[in-house]
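This report concerns only the one structure given below.
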Amino acid sequence: KRIDHVSTAVITADREAAAVPEEVPLPTEEAQDEKQQTEAPPSATTPVRAVLKDLRVSSVTPSSVQLQWSVPEGSFDSFTLQYRDAQGQPQALPIDGGSRSVTVPGLSPSHRYRFHLYGLRGRKRAYHTSTEGVTAAADLDEPHMPSEAPQPEDSQPKDPPFESPSTDTPLARAVLGELKVSSVTPSSVGLQWSVPEGSFDSFTLQYRDAQGQPQALPIDGGSRSVTVPGLSPSHRYRFHLYGLRGGKRTDRVSTDIVTEEPQHEVPKGKDTPAEATPSEATPARAVLGELKVSSVTPSSVGLQWSVPEGSFDSFMLQYRDAQGQPQALPIDGGSRSVTVP
């Protein structure tokens, strides 16, 4: 239930404009990691050295790659991830300085990417590390995307070839609880789950769209809910939630749901008393602070906000794309920043 709302407007940067004033051209695919310390050292105002290490691919799908890294020494104000898309065009993804993982969306299946992660201090690049990853083949998802009619063998899917075994076998196992539907509209479904035992590094939600094409939605390991946007009215969907540890799927739960009919969407959009009045379960008021633009590139915008009073279960960021089509981005309730790619 939406109980507060803030907005902001932004113009994305020129494609000719650099995302960071001192950015250099994207390194070529032949760039070597030993160049990571050729960047100018921090200025005298930042005497403590900051170090980036262990950039690795934690999970892949046909259309996305999740990366993780560590900062064993010092800290960075922010990060910038650079890579070339399948057409060879340079892309830059700004990342909050407190982050240690990121999911890169919009990639092409079975394509090799080289990712360059820069640590910035005072808007100046202070460290650089790189890694390579290959997205999964589109057909590799097929064993994990059963047809709408449940099949007996569906409960024991095989791990795809790209998921290598964990180097260290966890002592404690991690278990996914029941996957439940928390809300339904003609164009979206809200899902919730629990982790009664252990913990997961991340989750992946898989389903087929109305055209039968497999879709994969990467989710942070701390999340326990997600809203799936862009669905079709009056359509039956089967959702599969996978828990990942060390880049390997270790547990799975599924559920079925039918989206609402189109005419149900109109009354939900009005300011009804149910929308305006907090439920008895949430007596304390929750307030959103100012929504600010933290970074801009030609293809993305970084946003930040605060919650000065109360707390929210989750957030929903809505905007219209360049073609005027409405877009919705679900965000975990603990987040205070997001990058819109």
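Just so you know, glycine gets a Cβ as well, placed from its N, Cα and C.
Annotated features, as they stand in TrEMBL:
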- 13-45: region 'Disordered' (REGION)
- 51-139: domain 'Fibronectin type-III' (DOMAIN)
- 137-169: region 'Disordered' (REGION)
- 175-263: domain 'Fibronectin type-III' (DOMAIN)
- 259-281: region 'Disordered' (REGION)
- 261-273: compositional bias 'Basic and acidic residues' (COMPBIAS)
- 287-341: domain 'Fibronectin type-III' (DOMAIN)
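Mean model confidence for the domain 'Fibronectin type-III' (175-263) is a pLDDT of 88. Residue counts for the domain 'Fibronectin type-III' (287-341) under DSSP, split into helix (H, G, I), strand (E, B) and coil, are 0 helix, 31 strand, 24 coil. Each residue of the domain 'Fibronectin type-III' (51-139) gets a DSSP state, and the totals for helix, strand and coil are 2 helix, 60 strand, 27 coil.
Residue counts for the domain 'Fibronectin type-III' (175-263) by DSSP state, with H, G and I taken as helix and E and B as strand, are 2 helix, 50 strand, 37 coil.
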